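Enquirer: Okay, these came from TrEMBL:
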DOMAIN    1-435  domain 'Major facilitator superfamily (MFS) profile'
TRANSMEM  55-79  transmembrane segment
TRANSMEM  86-104  transmembrane segment
TRANSMEM  110-131  transmembrane segment
TRANSMEM  143-166  transmembrane segment
TRANSMEM  172-191  transmembrane segment
TRANSMEM  251-271  transmembrane segment
TRANSMEM  283-304  transmembrane segment
TRANSMEM  313-334  transmembrane segment
TRANSMEM  346-366  transmembrane segment
TRANSMEM  378-398  transmembrane segment
TRANSMEM  410-430  transmembrane segment
REGION    454-473  region 'Disordered'
COMPBIAS  456-467  compositional bias 'Polar residues'
Amino acid sequence: MHNNAKTKFKKLKWESTYNMLNPRCERKTTCVDTMRNHNSLTALEKFGLFCDSSLLINMVNVVYLAGVAVGAIVGGLAADYIGRKWVSFIACLIHGVGGLGAAFSPNYGAYVAFRFFVGSCHGILNNSVVVLSMEFVSPRRRLVSVCTLAMSWGIGMVLTTPVAYLIRDWKYLQLAVALPPFLYLGFWWVIPESPRWLLSRGRYAEAEDIVKWAARVNKKAIPEVDQLFNEHSLQITPSLSPLKIFHAPRLMARTAVMIFGWITVAISWYGLTLNQGSLDGDIFINALVLSVIDLIAYASMFIINKFGRRKTYCAGMMISALSMLTTIPVHFFADRESPSTRTAFTALYTIGKLGVSGNFSLLFMWNGEFYPTALRNFGLGLGCTFGRVAAIVSPVVMDLLGEHPVLGNTVPLILFGCMALFCALSGIYLPETAHKHLPETLEDAQNFGVKRRKSGINQDSNENAPSTFEMVS
């Protein structure tokens, strides 16, 4: 294949495989020939979207990521009111149906609509499943629970690359990724509702049944009935308006810092992932390597309990910031045509993504840990929503800032690096939640992590006092 065609293929954002954007292209025939030479029938060909239809191609990703943003906030509110379990399984069902609909879409409009539904369910499941897993285990096992979920995402990313390599027809590839959600529905009779949520809604009998079941499965002694729920738990407000956050200034400030963290990791992760076609080498190999990097980042989160959430977060952001900002001297002082320079750039690119990927997983756990039970899904959904909005902007950032007359293709990395540096410094303000009992009320959340003594009583002693159902997990 001609070198020019190879370059265009590397930059081609194959939507049906990686959900990528198609950048500027001069000749429609070159793109079509390139795709056909690789024996691939793509959604671009199916709907007549070639290189001169970049706006419509971009809209597929924009609508999908907009759906993720909507799902993050709407799903968070729904899970706080009707339950984590119900919302998770309903979203999973719609996710599968939307995937099947996208595979059999007769036209572009229908395909985009189905992708919106899939994206919405993606945002809902991200939050509700993470919160459900956090609320059902004790602090010492919370990390294992969330990191296992993150690693399942990483394994899925790694497996997607060989599947996409083997299944080049977009319709069959879409079917391959749409069927697994239906398998998840079989776990309805295995996965219980969150005991914390049941307590917050005053459904004490159901929560008691689940606690007894957990104690039996884990072979733990079941406390006496009158000790099953302590007085603190029974005083939980059944519901809490999100507007009540404005009455907790410390929680508001932490929310603002966390939101910027979400924006940083989302715009950086999606920007670096969607731009992997610009790296030297085969697009499938690059995708596989970056997916493995994600998996390694998620696996490394198991050290969080040893070093703490705050230290891990700040260190990851600092590593990401330094690696991406180091591309500036590489760009100005190294030989740009040298293979070693290109290798160094790719290495810095990969290390930058490593730090971002680890913190992406960390935020899902950390963000929800310092909100009260009645607002935990809302708080997580709020951060995710801002992150998803940033994700929508990331392709535009990579496209508009990807080629600078002086700084070349380092401008997006400089932007991401500066944002990560700010997060590393501002993260010091956030509370450490490792081995802490989750706050139940708004007052708990407001005082979480604040060590004060009044009349000889330690005000944050409740953080280390486990609830009854945590003792049997």
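Glycine residues also receive a Cβ, built from the backbone N, Cα and C atoms like all the rest.
Keep in mind that TrEMBL annotations are predicted by a computer and have not been checked by a curator.
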Enquirer: Taking 55-79, 86-104, 346-366 as candidates, which has the most Cβ pairs under 8 Å with the transmembrane segment (110-131)?
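Expert: Per the Cβ count, the answer is 55-79.
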Enquirer: Is the transmembrane segment (410-430) in contact with the transmembrane segment (55-79), using three or more Cβ pairs under 8 angstroms as the rule and ignoring pairs under 6 apart in sequence?
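Expert: Contact between the transmembrane segment (55-79) and the transmembrane segment (410-430): absent.
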Enquirer: Tally Cβ pairs under 8 Å between the transmembrane segment (143-166) and each listed stretch (251-271, 283-304, 378-398), then give the stretch with the top tally.
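Expert: Stretch with maximum Cβ contacts: 283-304.
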Enquirer: Give me the stretch from 86-104, 378-398, 410-430 with the greatest number of Cβ pairs under 8 Å to the transmembrane segment (313-334).
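Expert: Maximum Cβ contact count belongs to 410-430.
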Enquirer: If I count Cβ-Cβ pairs under 8 A between the transmembrane segment (410-430) and each of 86-104, 251-271, 283-304, 378-398, which range comes out on top?
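Expert: Stretch with maximum Cβ contacts: 251-271.
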Enquirer: Residue list, the transmembrane segment (251-271) vs rest of chain: Cβ under 8 Å, 6 or more residues beyond ends.
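Expert: For the transmembrane segment (251-271), the far contacts come to 65, 245, 313, 317, 320, 352-353, 356-357, 359-360, 363, 366-367, 370-371, 379, 382-384, 386-391, 393-395, 397-398, 412, 416, 419-420, 422-423, 426-427, 429-431, 442, 445-446.
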